[in-house]
Each structure stands twice: as C-alpha cells, then as structure tokens.
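Colleague: The active site, proton donor/acceptor annotation in Swiss-Prot covers His177. What Swiss-Prot records for Asp249 is active site, nucleophile. Summarising the annotation, Swiss-Prot assigns substrate binding site to Asp61, Arg69, Arg134, Lys164, His165. Annotation source Swiss-Prot lists site 'Important for catalytic activity' at Asp175, citing sequence analysis.
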Amino acid sequence: MSYLMMDLAGLTVSATETAQLQHPQVGGIILFSRNCENKNQLIELVKSVRSIRPELLIAVDHEGGRVQRFREGFSLIPAMGDILPAAKGDLTLAKQWAKECGFLMAVELLACDIDLSFAPVLDVNGISEVIGKRSFSAVPDEVSALAQQFIIGMNEAGMAAVGKHFPGHGSVAADSHIAMPVDPRTKEQVEAFDMQPFKHLIGSQQLQGVMPAHVVYSNIDPNPAGFSSYWLQTILRQQLGFDGVIFSDDLGMKGASFAGNYLGRAKAALDAGCDMILVCNDSVGVNALLTEFDWPAAEPTHTALSLKGNTAQASQALEQQTRWQAAQLLAMDITRIAQSL
C-alpha cells in the first residue's frame, strides 16, 4: 500500500520511528538538514533505515541554492536562477551547465543511497519570493530548456525527476508554508504561461513524478491544486497525459489547512489523485494517520517505489571521477560569477 512519506526527528532513528517505519502504509521518508551532521553520519542513518525497510523511497529537497538540505561533505549546488545569468544569457552554454548541475546533485545523493531529490523546480519566476531564484527563469521556454537538461543530468546519474509545483507557484506572492496563496488568473493565462514547462517535459516523457502546488486558482477551481481532482485528474492526467507519480506537498503546510486535520487532509489529497502524501515536522500527525486513518485498500495506481534510484547506473556514474570533479568546479564557478553580477 505505502501511501505515506514521513520524516525523522534527528540524526538517528528513534524507537518510535522504527515502529512507524515498519507500518505498511509508510512508503518513504524525506530527510532534512537536521538529519545530517556530516556525510558519514548521513550514510549510517540511511543504512539504519534500510535495515528496517530496505524498499523505502528515501528523498530530500536538494535543489541547489538556498534549498539544499545537506552541505557538510557535499558540493554546493548553485541556485537554478543563477545559471543563465552566469552564462551571460547564452542559453546553449547554460543548458550544458544545467545538465552538469543535475548530474552533480544526483550523483552525490545516490552515493549516500538516497533515491530522490524533489527537483527540478518548474515554476516560472514571477512575483513569488518563496520561489525566486529556485526557478530557472522568468521565461517559460527557458525554464523548459534548462530543466530538460538538468533532468538529463539527473537521469545520467541514475535518478528520476519530480517537477514542482504544478501548475505553477511563481505568480502568487504568498508563501504556502505559512499562508494560502490565491491566484485569480484564468485557465488560459495559467496554461499559456506557468504550465508550459510541465506540458513540455511531460510531452517529452521526462518527468517521472510531479508535486502540485498548495495554491488556489480561484477562477478555475475552489480547491488548492494538490487537493483538486480537476487539476490532478482532468488536467494533469487526462489533458497532459501524465503517467507518473503524484506526490502531495507537505500536508503540514498552511496551504493544506483548508482540508481540516491530518485525516481530512490525507483523504482530500488521496481522493484528488495523489499517489503519495508527505507529512513533515509533525510526528503527532504521522501517528494519527498511522493509527486512525482509513487508508485505501488497494495499492496506489502509480507507486512511488518505481522512482527508486537506479543503483547500477549510479555505480557507473560514481566511477566518472573526472566528470564529478569538473561539475564540482563548475558549480563553484556559477555561484561565484552570479555573486559578482
């Protein structure tokens, strides 16, 4: 079954967490900065999780820039929004750089037996401060082109790609971590602008996963996208033809609170079409779901376990020391150039 992705409180797995991880509805864990003191400790933490449930999907938000959970012992990945400016607007060069950044990010996580980074961000940079330089560009075609190459780099390391935040978070000012963003634009406006990177990458079959936004598009549907069967089924599945895994964003965020407590949020997300739901930073919420929620009896139609890292491909990628080292230097150069602009 395995519909839930939970987190861990610290540097080791507690007795309570060990019991929770053994629950059949837990299909994955998401790691945060608090779980990583250094690379060796992180590897031991992952090993301990694997000893409990070897098949769990282990994920992290490791996009680059300000959203990079692991730093000690890891290369600092530049913000995606710095790549094109650092290339002085040369899209061909920026695409090459984006591919190497995707490879670098993925290969270093896979070296620690971490399956997945929730990346890339496909939001088009607009007025959202929480997105900002997490986005590749303010131009949809540039987002599509750079994200496509970033994904190729990820795939060459052995990692699947999860695009976020569908259908686009860049055109709302509010931060869904602490508020409920409302986007009043029409369906035609959203489709012509924000949705273009998703449409392009789904059309080229390069997205294995999608994470929807906790944003209400008030002139289109009353529910936030992550709780909307219109957005997830009618648009994402049927209109765009997406056949991968739909992850909810964190059900602990303010943008999810409209659905009530965690039981209500989980039901709303699953009913809308999410295949795996995330609950972060709330062990009480996780416990409530594992003990009180009426989970679906059937397996998810699109199982998140299909996104586990390709270990054989990762091993080959890890042998590419020259590429890895060149990518590390490139990442530093991009950040240095961007800071000088």
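All residue numbers here begin at 1 and follow the chain in the order shown.
Any Cβ shown, glycine's included, is placed from N, Cα and C.
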Colleague: Measuring Cα to Cα, how many angstrom lie between Lys164 (substrate binding site) and Asp249 (active site, nucleophile)?
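Modeller: Approximately 9 Å lies between the Cα of Lys164 (substrate binding site) and that of Asp249 (active site, nucleophile).
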Colleague: Take the C-alpha atoms of Asp249 (active site, nucleophile) and His165 (substrate binding site) and report the distance between them in angstrom, rounded.
Modeller: 8
Colleague: Under a three-state reading of DSSP, tell me whether Arg69 (substrate binding site) is helix, strand or coil.
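Modeller: In three-state terms, Arg69 (substrate binding site) counts as coil.
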Colleague: Between Asp61, Asp249, which of the recorded positions has its C-beta surrounded by the fewest other C-beta atoms within 10 Å?
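Modeller: Checked Asp61, Asp249; of these recorded positions, fewest Cβ neighbours within 10 Å: Asp61.
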Colleague: Reduce the DSSP letter at Arg134 (substrate binding site) to three states and note it down.
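Modeller: The residue in question, Arg134 (substrate binding site), is helix (DSSP, three-state).
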Colleague: Look at each of the binding-site residues, Arg69, Arg134, His165, and point out the one with the fewest other Cβ atoms around it within 10 Å.
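Modeller: With the binding-site residues Arg69, Arg134, His165, fewest surrounding Cβ atoms within 10 Å: Arg69.
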